[in-house]
């Protein structure tokens, strides 16, 4: 472990806490209708939106109405983005003349951005027009982030309220979190990125002359422009060279800001945050990883304020930080090791495993970024996870298997962790013979059924999807690396989709009707198959009477509960995947020293 890695992580946690604490208080004030929302200019904008949309902000919803409204809202978003891709060829802001996207890819992308997954089976700069990127994908980045935040706010209200059958107004919650939190921060963030070197324009792509002539092997073509092949079917190649390069342009900074802040992760370019137009400098790289955890950390403080016990928020946050530190140090350690396969070929391994990494970021910043982006449901990358060492790739895969509850996505991480907190209290109650209670609310059979559904949905989707893929011809056809790593690529894809992360072991050819359809199904049910039971929990807790603290109440604000909560997350959340992990990265690591 290098000094640079340790100092970076320490600085990161320190700055994160300094920024998250006031933001958490601000979110509490915004969602309760205080602070900035009471100022006349902002109140006018908010009320104008309600009037145009026909919303009565005074009417609250039951959990079922809240859930139906949220699902319907996201279905409309899916249909809009799907249609935008199908007709982008005839729409404006398309200087490259990019054609319409195929129906299966459009379906996958529309689901992906609506569920905050941002899985991308396409090449952004070669597929999506500026209009599609801005009006479709960037808009969904805001709305999907807001959708996650309002769900956790509703759950917190459930804990805070006493014998009330409503959990808030969905449309008011969506409006306020977008108008007062996501948009203002994103505007400032985008300006910062432009200052660092990110681009923001509507220019056509630029052809430039390179400093050096690039030499490479190019396929030989026949008169019809088709590649020539030898008698064995291999493509014939010949030497070629060029001094020309095409530089893609576009409104990058505005999409990049909400991509990171909203833990969306979908890049404007195929290389994502490894591309210098998205992530130009070490400072922009630090701010990007900081922004991934900013709102998830702030919501822990919001939680403590809303339930009138700040200690509860600190317990959840400390649990998240401890798990984050453990897996991040592990990621840096594994990637700092030389690849024995390359070492046997005489390659100097002193720098560690630099394959798939930007030299400007190196081992430390690439590994830290990988750990953060997979703990959160972000999925943005500044290096290629598929090129990590077997155990280095194990870490981001395992991070997602925890259920995206260690900080996790905006909103989704905290409500996922609170689900595990309920389970931890229930398990502790069984062990010591106490009636399980959490935050003054009794936990009964209905609540535990909802907890079980919320926890089991994602592993079922990930493992069943992986099993179907490895047993089907279409699934196996996408594997470029047969063996343990090929299995890991499929497992990673379905784990990423089901947990709404969106990162990939990109060696898998996933832009096919099979994977576009299967992964879209995993993304949709991985999102709303958890949201619905969480909202059901919110409604159930809101309707319950608060129970006064007594001698039989288990304390949930001390070090013991931190250990219990972390143990529950690790044992229950990740053990479902142990057999699959044994077939993938673990066996690949064991085989590594004997590969020649």
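The chain as shown is numbered from 1 upward.
Placed from the backbone N, Cα and C atoms, the Cβ positions cover glycine too.
Given the ranges 539-559, 560-580, the record in Swiss-Prot names 560-580 as transmembrane segment.
As annotated in Swiss-Prot, transmembrane segment covers the listed stretch 177-197 rather than the other ranges in 93-113, 114-134, 177-197, 198-218. Below 8 A, the CB atoms of the transmembrane segment (413-433) and the transmembrane segment (177-197) form no more than two pairs separated by six or more positions in the chain, fewer than 3 in all. For the transmembrane segment (67-87), same-chain residues at least 6 beyond its ends with a Cβ under 8 Å from one of its own Cβ atoms are 61, 100-101, 103, 105-107, 109-111, 113-115, 128, 131-132, 135-137, 139-140, 143-144, 147, 150-151, 170-171, 174, 528, 531-532, 535-536. Here the transmembrane segment (177-197) has long-range neighbours at 26-27, 30-31, 36-37, 42, 45-46, 49, 142-143, 145-146, 149-150, 153, 252-254, 256-258, 260-262, 276-277, 280-281, 283-284, 287, 291, 295, meaning same-chain residues at least 6 beyond its ends whose C-beta is under 8 angstroms from one of its own. Between the transmembrane segment (314-334) and the transmembrane segment (6-26), three or more CB pairs separated by 6 or more residues in sequence fall under 8 Å, so the two stretches touch.
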